[in-house]
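Sharing the features that Swiss-Prot gives for it:
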type	residues	note
BINDING	Lys141, Glu178, Phe179, Asp187, Arg211, Ser212, Asn213	ATP binding site
BINDING	Asp248, Glu260	Mn(2+) 1 binding site
BINDING	Asp248, Glu260	Mg(2+) 1 binding site
BINDING	Glu260, Asn262	Mn(2+) 2 binding site
BINDING	Glu260, Asn262	Mg(2+) 2 binding site
DOMAIN	104-287	domain 'ATP-grasp'
Amino acid sequence: MRIAILSRNENLYSTMRLKQAGEERGHQIDVIDTLHCYMDITSNNPMIRYKGEELPQYDAVIPRIGASITFYGTAVVRQFEMMGTFCVNESVAISRSRDKLRSLQLLSRKGIGLPRTGFAHHPDNIQDVIKNVGGAPLVIKLLEGTQGIGVVLAETNKAAESVIEAFMGLKANIMVQEFIEEAKGADIRCFVVGNKVIAAMKRQAKEGEFRSNLHRGGSAQLVRLSKEERATAVNAAKVMGLNLCGVDILQSKNGPVVMEVNSSPGLEGIELATGKDVAGMIFDFIEKNAKPNSNRTRGKG
């Protein structure tokens, strides 16, 4: 099979592992810089050009779209879909997952466990929003933040008001969430491929930190999931319409709650923590499912 990986950096661990795993299976793998693709949007003859040449017809595309280029990246994926190419994650599913508020609303609609969350536009509503999520300590998040950036733990209501007012003064979109204290700075990353959790790791925040992201200095180890945690991760992926994703879960006193669904999860942490060939399992899925014109919109909203 001829397979394209959409990635801005061919030297990233995830990109290199995917290329290696694909080539070991006899596939031709091309790494394509998403931002260097440009589209010829013509009726009944969609085309993508790259560095002055028309791209060949691929059997499958693996999108590795960074958050900062979501708009352009999803347009490129959509163009591949119009050309009949199988895309591991569809453009609409990537767009859903990148909008944190939209994601939570869709998950909520399907009854999936979530931390209590508030969202408001006007400062007059701040105190009531804080009250509705249970008061401090609480977590304030920028909707556009990634890798733990733009996430603040407010330990008092007064501190929460000050942080929210500051963000609103900067015209930033934020949401306010209850702090799951019983999680003790740990979360679980479930790696879902084709409606199945293929690997999972527990990430622990470093001492004095509440964000468990590995980019923030957290550590990771293999974890055995409960049936409820496994079902929560798979259902969250289905709601988003993602064939491949990382679902981040906290263990709360009311059961597992979903914090985020990541449409472009990194492979390094999960492969090192679990010892599993995650890249190879992704190609297992592609080999079974990649057929021309087989993209079907999954999920709603």
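Easy rule for this one: first residue shown is 1, then count along the chain.
For all residues, glycine too, the Cβ spot is worked out from N, Cα and C.
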Any idea what DSSP makes of Asp187 (ATP binding site), helix, strand or coil?
strand
Across all chains shown, how many C-beta atoms besides its own are within 10 angstroms of the C-beta of Asp187 (ATP binding site)?
23
Using the alpha carbons only, what distance in Å do you get between Glu178 (ATP binding site) and Glu260 (Mn(2+) 1 binding site) once rounded?
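Checking the Cα atoms of Glu178 (ATP binding site) and Glu260 (Mn(2+) 1 binding site) gives a distance of 14 Å.
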Restricting the comparison to the binding-site residues Asp248, Glu260, Asn262, which residue's C-alpha is spatially nearest the C-alpha of Asp187 (ATP binding site)?
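Of the binding-site residues Asp248, Glu260, Asn262, Asp248 has its Cα closest to that of Asp187 (ATP binding site).
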How many Å separate the Cα atoms of Phe179 (ATP binding site) and Asn262 (Mn(2+) 2 binding site)?
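Roughly 20 Å, rounded to the nearest whole number.
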Applying a 10 Å Cβ distance cut-off over all chains shown, what neighbour count does Lys141 (ATP binding site) have?
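If we count other Cβ atoms within 10 Å of Lys141 (ATP binding site), we arrive at 22.
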How far is it from Lys141 (ATP binding site) to Glu260 (Mn(2+) 1 binding site), counting Cα to Cα, in Å?
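With distance taken Cα to Cα, Glu260 (Mn(2+) 1 binding site) is 12 Å from Lys141 (ATP binding site).
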Note down the number of other Cβ atoms within 10 Å of the Cβ of Glu178 (ATP binding site), including every protein chain shown.
20
Cα of Asn262 (Mn(2+) 2 binding site) to Cα of Asp248 (Mn(2+) 1 binding site): how many Å, rounded?
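Between the Cα atoms of Asn262 (Mn(2+) 2 binding site) and Asp248 (Mn(2+) 1 binding site), the distance comes to 8 Å.
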Counting only other Cβ atoms and using a 10 Å cut-off, which of the binding-site residues Asp248, Glu260 scores lowest?
Glu260
